[in-house]
Structures are given as C-alpha cells and as structure tokens.
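Among the features that Swiss-Prot reports, compositional bias 'Basic residues' is placed at 411-421. Under the heading region 'Disordered', Swiss-Prot lists 25-45, 393-421. Under the heading transmembrane segment, Swiss-Prot lists 66-86, 98-118, 149-169, 179-199, 208-228, 232-252, 266-286, 305-325, 326-346, 352-372.
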Amino acid sequence: MKKHSARVAPLSACNSPVLTLTKVEGEERPRDSPGPAEAQAPAGVEAGGRASRRCWTCSRAQLKKIFWGVAVVLCVCSSWAGSTQLAKLTFRKFDAPFTLTWFATNWNFLFFPLYYVGHVCKSTEKQSVKQRYRECCRFFGDNGLTLKVFFTKAAPFGVLWTLTNYLYLHAIKKINTTDVSVLFCCNKAFVFLLSWIVLRDRFMGVRIVAAILAIAGIVMMTYADGFHSHSVIGIALVVASASMSALYKVLFKLLLGSAKFGEAALFLSILGVFNILFITCIPIILYFTKVEYWSSFDDIPWGNLCGFSVLLLTFNIVLNFGIAVTYPTLMSLGIVLSIPVNAVIDHYTSQIVFNGVRVIAIIIIGLGFLLLLLPEEWDVWLIKLLTRLKVRKKEEPAEGAADLSSGPQSKNRRARPSFAR
C-alpha cells in the first residue's frame, strides 16, 4: 500500500471532506534527531521526564486540534443548515434558483483577497499581491494561468460547481430540506465509487457496504412519500447534485491533484470570475423568457440573497481551509449533524411526516456516510486493539494466580522465626 506525504502527494479523494481541495501544509519538517548527549544519556529520570514532556506536548496539541475541530464542526453544521433553510425561505418570495446560484457563486471571487489578508496578517515573509499571485499560479503548470489552462482546467469545474449548486437549490423547491440534506450525503459514496474506478483507489469492503447503504437509503426515501411526481423529481435532482459534486472532486484529484491554501483560494476565485464572465448570460435569458421572472428589482429579497451567499461562502471557506487547524474527519461530521438540525426546523415550520420508512432511510444513509469516514487502516487498528485486550485478559488471571500462590508462602516465612523460639 502506498503511503503519501501530507504535502507532496494528494489526499485520497474519499478520505477528504466533501468538495475539499486543500492539503495539509507545514507537516513536512522532519523530527529533530537526538544529539550525542541525548543518545548517551542513561534511561533514567531525565529520559522519563523528556518522554513525559513529549507526551504532554502531544496531548496538548491533540486537545487543541479536537477543540478547533468542535468549533469547525459547529461552523460547518450551522452554515450548511442555515444556507439550506434560508434558500427555502427565499424561494417563497423569489422563485429563481439559477439566479440565486449565479449570485452566490459570484462571491467566490472573494476567496483569494481574503486569503491574502490572512497571509499578510499571519506570515512572517510577506509578499506583494502580484508575487503571491504568481506563486499560486504555478499550481496550473510552468506557464501559469494561461487562456488555454483557464478553459481546459478551470472552466469545466466552473460548470460542475454551478450544476451542483443549481440542482441542490432546485431540489429544495420540490422536497423538504431534511430529505435534501440527507440525500446529498450520498455524495461521499459516489466519490468512493468514482475514485475506485477512475483514480484506482484502494478497494475497501466496508466502503462498498456504505455505498450499498446509500443506494438503499435513496430507494427508501423515494418510497417514504410515495411515488409522486414532485417527490421523485426532487430526489432525482438531489442525487444528480451529489453526483456532480462527486465528479467535481474526483476530476480535481485526477487533473490537478491537491492544492495548497493559496492555490485553492486562487482556483475558487477563478471559478467566481468564470461565473461572472460566462454564466451571467443565462440568468438574463431566463429572465426575458420568463422562466425565472420577477416584476421589479425592488421585490427581490436582497437580504436573503446576501445572507445565503455569506453562509455558503463561510461553509466553503471552513470546509476547504479548516484542515489547517483540525482533522478532515471532524469537518465531515458537520455535514451529518446538519441533518437533525434541518429535521427539527422542518418539524416546526413545515408539514413533514417522519414515518418509519423515512427515519430508517435517514439512519441508513447517515450510517453509510459514517462508514466512509473510517480510515484505510481501520482494520489494522481494530486487530491491534483486540489483540491488546486479549493479552490483558490473559495477564489478569495469571497475576491473580500468582498472588494466591505467593500468599501462603509469605505467611509461612513470617511464621517460622516465631515458631523456632
């Protein structure tokens, strides 16, 4: 099995969270080798002190990552659930899902400026915008961002990004947000299947089981409301959105690999530029053909549109750059936790019926998503854990028998001197 460096090689498409482009930076430094004095030091109190300090430092670093992980999970959950609910609310006054998609995608332009502000505030070696831009452009090749690269390596992802968001928003019009958020979690299963076929990722039986659970959950979700036209169309739209998202992710790994934070920020900003230059004509056509029509611009709920765009931008920022402070698995949990949040909101704001079939479908899809979060070496870790437990169980009876056998002997030894007197 191939083991990759965190900086040099791309993450497995299935191991990284949904739509994550970035890889871990700053972990390539080798551990400091012990000096001659440390090598000759006796394994005594000093060595034990150093080991305890290392363990304490390690535990503190892990606790810090877990703390940040909880914060990131809450941010991912709230931004994803909030954007979904706000989109549902927006469609009551503004029935234009593609226009909403176009408007929100334009905000992607802010990725690189926000990244550069963070770079100036945090980095010790500050670079100008031009220098940083040129350095990030190396991600696209030796020639940087040329017109050919723009149309061959950026434009297809811009189309997939737009389709993913449009299909998701259009599905919100047809079915409730709980079903939409649950079905979109099948994205992870589609990523595994595509990465197994296209990227030749390692075959894992548990992930095949997870993919089967996801497909079974989709079928059960369709059956939950009966085979009505709106329900079937809505479910088909969400599944198509999850498929576009999976295709986007796997193609990115195949064509571009993994990006550093600056490179990912530049790439996402380029998607925003592509959206402004080439997708703007579509909302205009939809408006004049009255497919997505509004009487006047004063009737547009600008607050809802801007709120949705900010929440979606926050979600993508945290999901793509949260890997700097915590584990990717914890970030993925935020998407799963948005399901009960949407369910509670739907329970009080809509006429959703949580019958047995729907609840089982939600549980099955959620279980499949969680199984896909298992690391590739999970079976090795499980075997080691079971082996340790067996060894401990064998040692405990042996220690108990040793204590029983040593008890009478010690009493006899203590009694002999007093008996001699």
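The count begins at 1 with the first shown residue.
Backbone N, Cα and C atoms are what each Cβ position is placed from, and that goes for glycine too.
Between the transmembrane segment (305-325) and the transmembrane segment (98-118) there are 3 or more Cβ pairs closer than 8 Å, counting only residues 6 or more apart in sequence, so the two stretches are in contact. Most Cβ pairs under 8 Å with the transmembrane segment (266-286) belong to 149-169, among the candidate stretches 66-86, 149-169, 232-252. For the transmembrane segment (326-346), the list of distant contacts is 11, 15-18, 20, 65-66, 68-70, 72-78, 80-81, 84-85, 176-178, 180-182, 184-185, 188, 318-319, 352, 354, 362, 366, 369-370, 373, 375: same-chain residues at least six beyond its ends, Cβ to Cβ under 8 Å. Cβ atoms under 8 Å from those of the transmembrane segment (149-169) belong to residues 87, 97-98, 100-102, 104-105, 140-141, 143, 180, 184, 237-238, 240-241, 244-245, 247-248, 251-252, 255-256, 267, 270-271, 274-275, 278-279, 312 of the same chain, restricted to positions at least 6 beyond its ends.
Long-range Cβ contacts of the transmembrane segment (352-372) within its own chain (Cβ-Cβ under 8 Å, at least 6 residues beyond either end) map to 14, 176, 178-179, 182-183, 185-186, 188-189, 192, 206-207, 209-214, 216-218, 220-221, 223-225, 332, 335-336, 339, 343, 346. Only sequence-distant pairs (6 or more apart) were considered; of these, fewer than three Cβ pairs between the transmembrane segment (179-199) and the transmembrane segment (98-118) are under 8 A, so the stretches are not in contact. Residues 175, 179, 182-183, 185-186, 188-190, 192-193, 235, 239, 355, 357-358, 360-362, 364-365, 367-369, 371-372 of the same chain lie 6 or more positions beyond the ends of the transmembrane segment (208-228) yet place their CB under 8 Å from a CB of it.
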